[in-house]
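J.: Let me give you the structure first, and then I'll get to my questions.
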Amino acid sequence: MSEEVKKFKVTIDGQTTEVDPGTSILEAARQIGGKSVPPAMCYYKPLEGSGGRCRTCLVEVSKGSEADPRPMPKLVASCRTTVMDGMEIKNSTSERVLDAREGVTEFLLINHPLDCPVCDQAGECHLQDLGYVHGLEETRTEFTRRTFEPEDIGPYIKLNMNRCILCARCVLAANQLTEEREHGILFRGDHAEISTYLNKALENDFIGNVIDVCPVGALTDRTSRFASRVWFTKPMNAHCECDKCSGKAVLWMKGEEIIRVTARKDQFDEVQDWICNDCRFHKKDLKLWTVEGPRHIDRHSVISLNHYEKPENMISMLNNPDAKELSPKDEEKSRKGIDENFLLM
Ligand code: SF4
Ligand code: FES
């Protein structure tokens with residue numbers, strides 16, 4: 001008979017949950033949800049070994065554990081720190097954390113260009129979201145930003161190294177999903193850069209997934225670059241017959257036209273099912289897909305604010321024959337509620 005594992009009790013921003021020993025603070029926070037969840041620019045649950053590089057997920061441990069209640073003197077990276085029984089953590093309720101996050105955001109933006117108006121990732125970029133909440137209004141940097149020319153690193157992927165924050169997710173994705181990794185982080189310190197190996201092009205079967213895991217617009221899809229702002233496209237769940245991957249994807253449509261194809265992602269913007277290059281880059285004809293219906297996007301970014309579906313309270317009304325229709329005033333209120341929640345994240 002298997003022995004029952006004792007769960008650890010952990011409290012984050014005053015909300016308590018129980019998790020298995022070995023769970024990271026970040027995963028425990030995700031279990032609670034809402035404002036308890038620290039942002040994560042390098043951690044990516046489906047990628048083994050991710051995290052520990054960007055420091056956006058710093059939290060304050062105000063009580064170490066039931067056995068040793070002393071607080072931890074320094075802020076800790078929540079993606080790399082495991083919970084202890086009775087641990088108490090502060091995320092959005094800690095001034096120190098908010099201050100540190102402001103510093104980390106400023107640091108990540110030192111070399112990152114503010115080119116959101118011409119960047120394909122705008123509207124679903126984690127750094128843009130972080131900048132909205134924690135960014136300063138002006139830069140204090142006196143040094144020249146390091147700059148690179150945009151580069152085609154294979155037939156499907158454009159690298160804009162100026163935007164890269166060196167989170168290493170794309171390197172881990174290439175390591176873990178493709179047969180042969182053909183790119184990596186070259187050099188060290190402030191000379192570090194993403195690059196392909198000599199004479200190599202990124203064209204392995206599953207390499208397109210590096211576009212999905214990149215938190216910024218450093219890696220973009222050459223087959224859909226500049227085709228549309230993401231908030232003008234409608235995400236639709238669709239599937240197709242595919243012998244390489246599950247064939248389950250999201251089609252980003254403009255009318256009948258498929259602008260781009262991506263993997264399906266959860267509320268933390270993490271891929272649920274990796275898709276192959278064929279599905280992502282070559283199946284832009286609607287006849288090749290069975291469309292299931294609109295995709296609900298519930299991560300805190302601009303794309304989730306464009307309502308292609310009815311807001312949830314309206315859906316429950318639609319299912320309830322006794323419900324009355326919302327007045328324009330109530331509708332405005334419900335929309336405002338959603339917008340305010342977005343700003344608080
Ligand atoms: S290219 Fe994107 S995924 Fe790769 S290290 Fe840079 S920011 Fe991270
Ligand atoms: S998400 Fe934890 S250090 Fe980057």
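Glycine is treated like the rest: Cβ placed from N, Cα and C.
According to TrEMBL, the protein carries these features:
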- 6-95: domain '2Fe-2S ferredoxin-type' (DOMAIN)
- 96-135: domain '4Fe-4S His(Cys)3-ligated-type' (DOMAIN)
- 319-345: region 'Disordered' (REGION)
- 322-339: compositional bias 'Basic and acidic residues' (COMPBIAS)
J.: Over the span of the domain '4Fe-4S His(Cys)3-ligated-type' (96-135), count residues by DSSP class, listing helix, strand and coil in order.
T.: 25 helix, 0 strand, 15 coil
J.: Near the domain '4Fe-4S His(Cys)3-ligated-type' (96-135), which residues from the same chain, at least 6 beyond its ends, have a CB less than 8 A from one of its CBs?
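T.: For the domain '4Fe-4S His(Cys)3-ligated-type' (96-135), the nonlocal Cβ contacts are 38-39, 41, 54-56, 58-60, 75, 90, 141, 143, 145-146, 160, 162-163, 165, 214-217, 220-221, 224-226, 229-231, 269, 299-303, 343, 345.
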J.: For the domain '2Fe-2S ferredoxin-type' (6-95), give the DSSP counts of helix residues, strand residues and coil residues.
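T.: When I sort the residues of the domain '2Fe-2S ferredoxin-type' (6-95) into the three classes, I find 12 helix, 24 strand, 54 coil.
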